Amino acid sequence: MSAGSDAEMAIFGEAAPYLRKSEKERIEAQNKPFDAKTSVFVAEPKESYVKSVIQSKDGGKVTVKTESGATLTVKEDQVFPMNPPKYDKIEDMAMMTHLHEPGVLYNLKERYAAWMIYTYSGLFCVTVNPYKWLPVYNPEVVAAYRGKKRQEAPPHIFSISDNAYQFMLTDRENQSILITGESGAGKTVNTKRVIQYFATIAVTGDKKKEESGKMQGTLEDQIISANPLLEAFGNAKTVRNDNSSRFGKFIRIHFGTTGKLASADIETYLLEKSRVTFQLKAERSYHIFYQITSNKKPELIEMLLITTNPYDYAFVSQGEITVPSIDDQEELMATDSAIDILGFSPEEKVSIYKLTGAVMHYGNMKFKQKQREEQAEPDGTEVADKAAYLQCLNSADLLKALCYPRVKVGNEYVTKGQTVQQVYNAVGALAKAVYEKMFLWMVTRINQQLDTKQPRQYFIGVLDIAGFEIFDFNSLEQLCINFTNEKLQQFFNHHMFVLEQEEYKKEGIEWTFIDFGMDLAACIELIEKPLGIFSILEEECMFPKATDTSFKNKLYDQHLGKSNNFQKPKPTKGKAEAHFSLVHYAGTVDYNITGWLDKNKDPLNDTVVGLYQKSAMKTLASLFSTYASAEADGGAKKGAKKKGSSFQTVSALFRENLNKLMTNLRSTHPHFVRCIIPNETKTPGAMEHELVLHQLRCNGVLEGIRICRKGFPSRILYGDFKQRYKVLNASAIPEGQFIDSKKASEKLLGSIDIDHTQYKFGHTKVFFKAGLLGLLEEMRDEKLAQIITRTQAVCRGYLMRVEYQKMLLRRESIFCIQYNVRAFMNVKHWPWMKLFFKIKPLLKSAETEKEMATMKEEFQKTKDELAKSEAKRKELEEKMVTLLKEKNDLQLQVQSEADSLADAEERCEQLIKNKIQLEAKIKEVTERAEDEEEINAELTAKKRKLEDECSELKKDIDDLELTLAKVEKEKHATENKVKNLTEEMAGLDENIAKLTKEKKALQEAHQQTLDDLQAEEDKVNTLTKAKTKLEQQVDDLEGSLEQEKKLRMDLERAKRKLEGDLKLAQESTMDIENDKQQLDEKLKKKEFEISNLISKIEDEQAVEIQLQKKIKELQARIEELEEEIEAERASRAKAEKQRSDLSRELEEISERLEEAGGATSAQVEMNKKRETEFQKLRRDLEEATLQHEATAAALRKKHADSVAELGEQIDNLQRVKQKLEKEKSELKMEIDDLSSNAEAIAKAKGNLEKMCRTLEDQVSELKSKEEEQQRLINELTAQRARLQTEAGEYSRQLDEKDALVSQLSRSKQASTQQIEELKRQLEEETKAKNALAHALQSSRHDCDLLREQYEEEQEGKAELQRALSKANSEVAQWRTKYETDAIQRTEELEEAKKKLAQRLQAAEEHVEAVNAKCASLEKTKQRLQNEVEDLMIDVERTNAACAALDKKQRNFDKVLSEWRQKYEETQAELESCQKESRTLSTELFKVKNAYEESLDHLETLRRENKNLQQEISDLTEQIAEGGKHIHELEKIKKQVEQEKCEIQAALEEAEASLEHEEGKILRIQLELNQVKSEIDRKIAEKDEEIDQLKRNHVRVVETMQSTLDAEIRSRNDALRVKKKMEGDLNEMEIQLNHANRLAAESLRNYRNTQGILKDTQLHLDDALRGQEDLKEQLAIVERRANLLQAEIEELRATLEQTERSRKIAEQELLDASERVQLLHTQNTSLINTKKKLENDVSQLQSEVEEVIQESRNAEEKAKKAITDAAMMAEELKKEQDTSAHLERMKKNMEQTVKDLQHRLDEAEQLALKGGKKQIQKLEARVRELEGEVENEQKRNAEAVKGLRKHERRVKELTYQTEEDRKNVLRLQDLVDKLQAKVKSYKRQAEEAEEQSNANLAKFRKLQHELEEAEERADIAESQVNKLRVKSREVHTKISAE
C-alpha cells in the first residue's frame, strides 16, 4: 500500500496527522538503526509481551534485556522477531514481515498512541476506542474519502463505507457492514459515522426537500435524527460504557438505481427492558428519564407531574443518576428535535412523554397488606392518580385491576386476590411492557417516515448489536446477547476462513486446509439444538408446575458431563450465585437462572391490559391492541405454534428474529469492523495488553491476518483479467487469432516482471496474494500513462503537419494574387481598358439579372428544404436519444436479469441439494420414530395389564370395606368392656392422637394418589405377587395380637358423640326429603297449569278452523264476483258501442224524414210513447244503481266489522301471549330458586358426608385389631376376586357403550337415509302441485280466450244495432222528405218505403241471428263456469295434497326428534362414562397417595411395634417361656434390620424413579389433552353437520309454510290454541335455562311474521274493498246493458209500428228529432261515464298489481324471516350445550309431556288445515323434552344409586384406611421391594420416553426444515422460470429492434 505524500494528505485537513504518518516520520523510521537478529518481542507475565534485545543464547534458553533494563531468561518459543522500523504503525497489518501476536499488539498500540485509531487487518478493519473526540469525522474528511479505493486513502470507517457503496454500484449486490465488539468498544459511534457518511455522499444532487405529509426534514436529516431518539430510549450507562446500546439494531439504507438515497428502515433486537425497573449501583436506567428531569424543558415537568430530582422515583434511582460525559439537557433538546424532524405528530409526541412519566410514577406506587389477610390493598392513591391521569385511565379501575385481577377459569372469569409482592411484580411487568412496546412503536413510526416510496434497488445494512457481556450477575438477557455474538462470530469465521478455503479447493488450487480453531458450532448447538438450553427452557415454560430448580436439574441431566461447553460453576465469595457456566468464544460466563421461566413467559396482568386497550390515549390503546393473554391464545390458536405452545415465548421470538438477521446477512456481501476496548478505566491513550490480546484472539483478527497472508485474498476472472491487464504487454497475446482467456492470462503474467509465486491459476479465476493486485494496478496506470503520452505525441504531430500544408497553400495563393495585382496596376490606365471596363459589365448585366432571379428562386427553395431537413434532423435526433436511452435501460435490465437468473439457479441447485439431504434425514428419523412407536405400543400394553391388576386390587379393597359392617355389630359387645378400660384411657390417649394424625395423613395421601396414576399402576402390578409373602408374615405377627385387643374398647365417649352426630345427620336428611316433597308438589302444580293451557289451545284451534272456512268461502265469492265484473265490463262496453251506433242511425233517419216532409201524427205519438218508456227505463236504471250501491255499502261495512273483530281477537291473543310469557319468566325464576336450593342441599349433603366420614373415622378407632389381622388374608383374597369381577363388569359396560355408539351410528345413517327419502317425496309432491297449478293456469287461459270470443260477438251485435239505428234514421229522413214533397214524390216515397221495409226486414233477421248467437254465448259462459267449478275442485285436491305433505313433514319431524333424542342420550352416556372414568382415576389416585403416606409413617409404626414386642417378651420372661420368645424376637429384629437396609436403598431408588414417572405422567397428560381436544374437535364437526342438517330441514319446512300463506289469514282462530301450546312449552322450557333463547328468537320471528301477516291482511282488505267497488260498478253496467237491450227491443217494435203507420210518424217527426237530440246528449254523457269507468278499471288493475307485488314482497320478507330463524336455530344449538346442568330437573316432567303428546295428537286432527306449522314445531319440542325428561329421570335414579353406593364406599374406605394403618408393618417389606422394582421400571420408561421425545423433536425439526426447504426450492424455481421468461422477452425485444 503506497503511502501518500503530505500534499496528498492536505485534503484531509486537520485530520491528516490522525490518519497517516508524515513523510518526515516515515523517512526517520526507514533510517532508524535496527538489528533484525537481536530485536525481539518476549513473553512477559505482566505486560504479556515486551520489546527486548537478545543478549545471549544457551541451548533452548534465551537471555534478553527489556526496554526497562530488566534481564530475562526465557524459552526460545517465547521469543518473537521484531518487524523492521518501516513497518512501524503500518496501516495494513497483513503486510508485516513477521505476523504474530506481539507484532499486531504493538502496531495497534503505537498507532493508538499516535491517535490513529483505525487499522486494516487483512480484509477487515480494526478500530480502538479513543475515549476522546478526534477531528477525523469532519466534512472535509468525508469529501476526501469519497470515491477513493482502499489503498488510496488511510484506514477509516469512511473508507469501509465508501468501498461498500462502490461495490454495491459496480457489483449490483446488497452490502452489509458488521460492526462488532465488546460493550464499550465504540460500535454505536462508528454506526453513526457510517450513517453520516451515506447521508452526506448519497444525497440527491440539489438537496431537494421532502415536502410530503408529516416530514419535517430531508430524508438525510431524518436518517441521522433517528439515532438520537433511539439512543435516548435505548441507551444507558453501564459499568464499561457511559452510552451503551441496550438493544441491537440493523439499519438498512436503500439506494436508487443512480446510487442516491431512496429510503431506510431499522430493525431492533433485544431491548433490555429489565433496566426500566432495576439497575446496578454503577449503572443507570435509560437516558430519557434523566433528560426529562434535567429541567431543560420546564413544561415537561409540569405536564408529567414529576420533580427534577430522579431520587424521588424508585425505578430510575437504584444506581447513578448523572454521567460526566453526557449533558442530559442538551441531549433532551436533541431528542425533542429528532422527534419533530422524524414527523411525529404533536399528539404522539405528548403521548411519548406521558407514557415515560407514567413509568416513573409506577415505581412509586405503594401497597400494603390487609389486616389478618394476605390480600394487598393500595397504600395511598396519589401516585396511582398521577399515573392513571398520564395514561388517560381511571385510577380506581387501575388499582382494582392490580389488586383484584380477573382470571379466566374455564369459560368464566373470576376475581383473584393478590399479595403485596405479587402486585409489585405486576406493576414492574406492566412498566416494562409499556416501555418496550412504546420503543418498538417508535421504531415502527420511524420506519414509516423513512419509507419514502421512492424506487429502490439495493441496500447497505449496518449492524450495531450489543457486544459480548460478562457481568457478576448474568441472566437470560446476557445469554441472548452472547448467543447473538456467537452466531455473528461463526458467520465471520465462515465467511473469512471456511468459504475462503473452500473457494481454493473448488478452483483447484493446491492448498492445505488450515484449521484456525474457530469452530463455534459446539457452543451454538448447546444453546439452540432441540434439547439445548432454549429448548429445555421453552419446554419448562409449558408445564404449569415447573420451577427454576426443575429447569436447572433438566439442564444438568441433559448436558452436564456430556458437553465440554457446559460446566458447573465453582462458588466464589463476593459474587452472585451461579447455576451453570458456558464456554463462549470470548470466555467462560456464569449464568444465574433465577426467574428465567417468568422472563421467558413474560406474563402481564390481563385486567390492566384490558384497561390499556380501552384508554382514551390512542397511542397507549394501539400499543396493546394486538395483545392476547396466554389463556386467550391457547383457546384461539390451539396447536398453531411450534412445540404445541399456545403463545410465543421471549426466547422463541428472539431466535426467530436472530434467524431473520442471519438470513439477511447471508444474502449480502459483508464488511467487518472490529471494535477494540483498550482499557477498563476509559482512559484515553492507555492500552491493557492482556485485554486487547483477548479481544484479538476472540475476534479472529490474528487468524484473519494469517489467512490473508497465506491465502489469496484477491481474485479476478480470466476474461476480465485479460481485458483489463492486456495493456501491460500486448505483444504477449497475438492479434488476429483465437486464444483461450486462461492461456492468455498465463502468458501475460509470465511476461510481466513480478514475483510468480504470488499468484495461482484456478479453473475460472486467477488468484493473487495480498498486495499483488495493487502492484498490477500501479503498473497498469504507468503503462496507460505511457500509452496516452505516446498517443498524444502522434496526434499533435499529425495536426501540425496538416497545419503546415495549409500554410503552404496560403503562400502560393498570396504569390498568385500579388502577381495579378501588379499586372492590373500596369494596364488600368489604357483607353481601351477603360472602355472595356465600361462595356464589360453592361454585356453581362442581363445575364446577371437572370442569374440573380434564378439564384433567388433556388436560394428560397434551398432555404425551405434546409428548414425541413433541420426539423426532420431534430426529430430524428430526439428519436435517436430516446432509442439510445431505451437501449441502455434494456441492456442494464438484461444484465441484471442475467445476474439474478444465475444467482437464482445457484440457489435453486443448493436448495435441491438441501432438500435431498433433508429427505434422507427425514427417512432416517421416520424409521427411528416407527421403532419408538413400537416401543410405546409395548409400554401401552404393559400399562393396560397394570390397569387390570389395579382393578383386581380395587375388588380386594371392596372386600375389606365389608368388614366395617361386621365391626358395627361387634361395637355393642365392646361397650361393657370399655367401662373397665377407662383407667387405661390416659395412657392410650397419646396413641389415639397419633393414630388420628396418621389417619388424616393417610387420607391426604389417599387424595394425592390421583396425581401419580402411572406409578401406582406399577406398584399394583406387584401387590398380587406379595400376597403369599403377606400370608407368611401374618404368622409372625400373631404374637402381637393380644396387645392390640386392648385398643378395641378405649373410647366410649367418642361413640356416644358419634351417635349424637348421626342423629343430627338423620334430621338434616329428613329436612332435605321434606324440601324434595315440596319441590314435587310445585312440579305437580305446574303440570296442572300446563294441562289448562293445553285445553285453551284446543279451543283456539277450533275457532281457527272456523275462521279458515269463512275465509275460504269469502275468497271463492270474491273470485266469482271478479269474473262477473269482467263479463259485465265487457258487455257494458259493447252496449255503449251499440247505443252510439243507434244514436247515429236515428239522426240519419230523422234527417231523411225531414227531407221527405215531416212525420205523421202516428209517428209523433209513437215517439212520445218511446220517450215515456225511455224515461221509465232511466228511472229503473237509477233505482237499480242506488240499490246496488246500498248493497255494496252494506257488504263493505260487514267486511270492515269482520276485520275489526279479527283484529280484536288478535289483540286478545297478544295479551294472552304476554301473560303466558310473564308466567314463563316467573316459572323460570322459581326453577332457578329450586336449582339454588338443590345446590344448597347438595352442599349440605356434602357436609353431612364429611361429618359421617369423621364419625366413621372415630368409630374405626374403637375397632378391634385382633380379628382384623386374623381375617386380613381372607379379606384380601375376597377383595381381589371382587375387583376382578368389577373389572369384568367395567369392561362389559365399556363394550356395551361401544356397541351402543355403533348402534347410534347405524341409526344415524338410517335417519339420514330416511331424511333423504322424505326430501325426495317432498320434491315429488311439490312437482305434482306445480303441475296442478299449471293446469289451473291453462284452464284460466282458455276461459280468457272464450271471454274474448264472447266480447267479439257482443261487438258484432253492437254493429248490427248501429245498422238498425242507421236504418231508423234513414226512415226519419224519408219521413221528413215525404212531408215536404208528398205530392211530387209519392212514387219515390213508395219506392223508398219498399226499400226501407226491405232493409228493416234484413235488420230484423240480423238481430235475430245476433240474439241466437248471444244465446249460444250464454251457454258457453255456463259451460266455462262449470269448468271453473271443476278447477276449484282441483284446487281443493291440491290443498289436500299439501295437507298430506304436511303430515309427511310431521312424520319427518318425529323421526328427526327421535334421532336428536338418541344423539343427546348418547352424549349424556358419553359424559357419564367420562365422569366414571374420572371418578375411578380419582379413587386410584387416592389409593396411591395412601400407600405413599403409609411409607412415610412406616418407620414410626415399626418402632411402636418393636416396643410392643419388647413388652410381650418382658411379660413372657416372667412366665416360664420368656426366653424362647426373646430368642425369636431377636431373630425377627435382625431380619427386620437387614430388610430395613434393603428397603432404605430401594426407597431411595423408588423416589428417584417416582420423579421421572411424574414427568412421564405430565407428558402423557398433555398427550391425553391433545387427544381429547382432537376428539372434541371431531364432535364439534359432527355437531356442525347435525346443525347443518337441521338448518336444511328447517328451510324445507319454512318453504312449505310459505306455500300456505293463504291459510295464514286464518291464524286468528288458531292463535288461541297456539298460545295455549306455547304456554305449555314455556312451562317446560323453564327447565332448560339458556335454551329459552330459542323460544325468545322464535317469538321474535313469530312477531315479525305477524307483522307481515297484518300488512298482508291490510292489503287483502284493500283488495276486497276494490273488488266490492268493482262488483257495484258491474251491477250498474249490467242494469244499463239490460236497459239498452230493452231499448233495442222497443226500437224493433217501433220499426214495425212505423211500417204500419207512416202517416202518424210524419206528425211525430219533430218530437222524435227533439228526443234524438236528447238521446244524443245522453249518449255522449254515457260515453264519458264509460271512459271514466274504464279509467277506474285500469286504476283498479294497477292497484291489484300493486297488491300482488306487495304480497310478493311479504313472501320475500317471510323467507328472510325463515333464514333468520335458521340462524337463530344455530345459536340455539350453541346455547343448548350450556343447559346440561338442568337436565336433572327435566326428568320430572315426563308424565306431563306424555299427556301433552296425547292432547297434541287430538289438536293435530282439529287444526290440520290451520296452525299446522306451529303445532308441528310444538310437537317436536314436546318430544324433545319428553326424551330429556326420561334421560333426566334415569340419571336421577342412577345418581341416587351412585350416591348411596358412594356413601357406603366412603364408610368402607375409611375403615380400610384404619386397617391399612394397622397392617402397615406387614406391608413395609413388600412396599419397599415394590418401590425398588418401580424405580427400575420408571427409569427404563423415562429413558425410553426421553429418547422418544428427542427423536420426535428431531423428526419435527427436520420435517419443518424440509417443508421450508421445499417452499424455498419451489419459490426459487418459480423465480428462475419467471426470470428466464422475462430474459427471453427482453432478448426478443432487443433482437426485434
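Glycine too: its Cβ is placed from the backbone N, Cα and C atoms.
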State the residue range annotated as region 'Disordered' by Swiss-Prot; the candidates are 561-607, 1125-1171, 1313-1359.
1125-1171
Per Swiss-Prot record, range annotated region 'Actin-binding' [choices 610-624, 760-774, 805-819, 1405-1419]:
760-774
When Swiss-Prot marks a stretch as region 'Actin-binding', which of 290-312, 405-427, 658-680, 1762-1784 is it?
658-680
Alpha-carbon distance [Tyr389 (phosphotyrosine); Ser625 (phosphoserine)] in Å:
20
Cα distance, Lys132 (N6,N6,N6-trimethyllysine) to His756 (pros-methylhistidine), nearest Å?
46
Can you tell me which of the modified residues Thr66, Tyr389, Tyr424, Ser1091 is spatially closest to Lys132 (N6,N6,N6-trimethyllysine)? Compare CA atoms only.
Thr66
Count the Cβ atoms, other than its own, that fall within 10 Å of the Cβ of Lys132 (N6,N6,N6-trimethyllysine), considering every protein chain shown.
11
Segment confidence, the domain 'IQ' (781-813), expressed as mean pLDDT:
93
Rounded to a whole angstrom, what is the C-alpha distance between Thr66 (phosphothreonine) and Tyr424 (phosphotyrosine)?
61
How many helix, strand and coil residues does the region 'Actin-binding' (760-774) contain under DSSP?
3 helix, 6 strand, 6 coil
On the three-state reduction of DSSP, what should I expect for Tyr424 (phosphotyrosine)?
helix
Helix, strand and coil totals (DSSP H, G, I; E, B; other) for the domain 'IQ' (781-813):
33 helix, 0 strand, 0 coil
When a 10 Å sphere is centred on the Cβ of Ser625 (phosphoserine), how many other Cβ atoms does it contain?
10
In whole Å, how far does the CA atom of Tyr389 (phosphotyrosine) lie from that of Tyr424 (phosphotyrosine)?
20
Other C-beta atoms that fall within 10 angstroms of the C-beta of Ser1091 (phosphoserine):
14
If you run the three-state DSSP split on Ser625 (phosphoserine), which class comes out?
coil
